[in-house]
Amino acid sequence: STEYIRGINEGRVSSMESVCSEHSPCEHGNIECECIFCWEHDAQCKSRRRELDLGEPTGSERGMANNYEQSRNEDLYCTETVPSSAALQANTITERDIREDFTDQTVDNIYPQLHSGSRASEQLEFAFPTIGTRSWEILIRQSYEHLKPDYKEEDFQSHIRRVRRQLFPEKTMDNNGSQASTTQMLRDDIERCGIESIADSASEDNGDGVDGTCISTVDIQGNCIVNAHGNEQATGSKTRKIRATTTPESSESKKHKGSNNQQNIQEQSSTTAIADGHDIVDGELDGRSESNRETAYYTFVLHKNNCKEDWRYIATTRAKQAPSFITFDHGDHIHILFSSSNTGGNSTRVRTRITKFLSATSAGNAEATITFSKVKFLRNYILYCIRYGIETVNIYGNKIQQQLTEAMDTFKVLFENRDPNDVILDAGCKLYHEEKKEYQQKRCGQRKQQNLTDIILDKIKEKKITTAQQWENIIEPEFKIQLMKEFGLNVDSYVQRIVRIERTRIQQIIKSKTLTEIMVEILNEEYIKNFTPGEDNSKLQNIIQWIEYMFKENNINIIHFLAWNEIIKPKRYKKINGMVLEGITNAGKSLILDNLLAMVKPEEIPRERDNSGFHLDQLPGAGSVLFEEPMITPVNVGTWKLLLEGKTIKTDVKNKDKEPIERTPTWITTATPITNNVHMNETSQILQRIKLYIFKKSIQHREDKYTINAQIQNKLISRPPGLVEPIHMAIVFVKNFKEIYKLIEEEDNAHTVNEKAIRLSEEAKQEAEEWQTALQWNTMEEEQKENEKQTEDQDKESEKETATQ
């Protein structure tokens, strides 16, 4: 499939191979050239010489032959010549012809220099026919028939893509998706790809040239003609975004491109208004590069009188790392710009860090929440800040983010090219909004409700508010007044509804967790606040020891008690749905349950609710319930049996229809037996549905004749060494985790297990075991320190006694 041209050039033999079986060599004198002047489509490349290499005469020089009229039927390597008038009688070859035309086609016969090889006698899998045969004649005349291109559409498209890759490799393509490039870069790329002639003059109709002063988008046509279009046509086009490579060369190319772009922009006429946007490609100044597609810009407004005067000094004394943000000073207020995740999940936390860094007051926090919004178009936002006047611009943060650096670069470019007529220094700032025109008239209604909901919800989550009264007690008056100024008197109705929704959401999450998972969460959040490695943690250990001591004094196995709490919470057994703590006054019943169930958040129902006709109206939808001193009578004993068994019952709700109460884990604290007022038969049925623990000793309170009577005179235990908190009960629970679940497995054999009970996941089990190991090590270290301290004290006392003797 290879043709050879033989020519004589000044007495020297020169030959040249054609890279294609049907076209002439390249006019550039390069036999391997693939430029667009030689090859118009990819189909011709199929005929290109690739694998087969028969060599060339020794001493030959590559070049163009002088004699083009020489017969093409002469072959440099063949001693025979095919007559030009010969005609093929048939296009088919029989089996007999093949045997005759391909005789003795072995490695040894075709390549004598390999006659001594080990495989020289093997038949060739592919060989040329014997010279002069019909097969040889057909091969010479019709060798390219099966390689003719079909000129299909995909061949043209493939060639166009190949030329695109050569002209504009990925490292020089813009990252903003519009395929923008400077014409100077076009010239460099065209010269690199071997295109010798491209018109350097600008056309009169579009005004685009190659003088390096205009940024434009580029389209590559099928005939490989480069057309430059203005930004008016490119803006908003949805072209494919080409990702830039991360090689050092690409980084240098990006820097070079950015410097060229900035230089080109500065060369524009100073009378052109930046706001028109005809000379800036969208995305270049919007900060939409590949590096920050996953991030977004956010902004809010903060008046200076809503910040403390000495906030700069306070910021220098903070131990935490300063957040990264930019401030645009507009006199009495500042506009703050920062970057966060595009989904907005982390933006609220970053905003809170910034307001704390600026020492914002309660009114300032409310203002930041109200004016908080997402910046979709960075260039428009900066033009907005410039239009209403700029006093100073500052960037803060120990580590300046790349997105903020890009924003500052954009600000510098826009500020230097600003139109003085657009700057209104004495104008008051309007609230910055980015929205479609059809939504502008609806803003007052929809956005106001959305902003108020977001503000209240953020505050509820921050302060962990679960009731409307907690909102009144915890939230600062300045914050509530600021909300009333913005949204009026309907704030209270929003608060009540949002609090109810948030409480229901939390209850649904707690319902799906075991007590072990809740205890581990407490450790993850609170343990580091109460335990400091290398320091004196004896107070923490003393409270834990006191809890174990209290159970021991009441003759209650603490592991058994904790195991049954883990059974009741996930509804593990059928027909057992309640736990009762019975004991004398001040025995520590409520102390234990309040700290053990602090994160379970049960609905608390006191005794006075028994006189109400709606005493169970809090239970529909509740995750758990805690009764204090309930009164079980023959009238309501049936309801209590169903409740303690875990059956679904219906209850009356004020101004509503009856609502069902699903199975709800129940805890009860009482000073007298709960079955005192019911029949003996009812008593046994109730006791089958509960787990009962009796506390016999009271915690020492105060030495007073009115509080200490004969009943508890000899049944006192010491007061705790400190305030008992949920973290202490969590440590006691997790420290005995394996023993608790070992006991639960034993109890499973004696009870009917509920198939719908909540199960402990393997991940939570592994985390609890890790915590148990860590707590045991800490306990051992503290005990060792305590023993060493006691030994030292004993030695000192013995030394004193020896000295006195």
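Backbone N, Cα and C atoms are what each Cβ position is placed from, and that goes for glycine too.
The feature region 'Disordered' is assigned by Swiss-Prot to 231-276, 776-805. For 259-270, the entry in Swiss-Prot reads compositional bias 'Low complexity'. Sequence annotations record features per position, and here Swiss-Prot assigns divalent metal cation binding site to D329, H333, H335 based on sequence analysis. Swiss-Prot lists Y381 with the feature active site, for nuclease activity, giving sequence analysis as the kind of evidence. Feature annotation from Swiss-Prot assigns compositional bias 'Basic and acidic residues' to 786-805.
Just so you know, the Cβ of D329 (divalent metal cation binding site) picks up 16 other Cβ atoms within 10 Å once every protein chain is counted. D329 (divalent metal cation binding site) and the residue listed as 'active site, for nuclease activity' have their C-alpha atoms 14 Å apart, to the nearest angstrom. Cα of Y381 (active site, for nuclease activity) to Cα of H333 (divalent metal cation binding site): a distance of 16 Å. Neighbour count (other Cβ atoms within 10 Å of the Cβ, all protein chains): 23 for Y381 (active site, for nuclease activity). In the shown protein chains, 22 other C-beta atoms lie within 10 A of the C-beta of H335 (divalent metal cation binding site).
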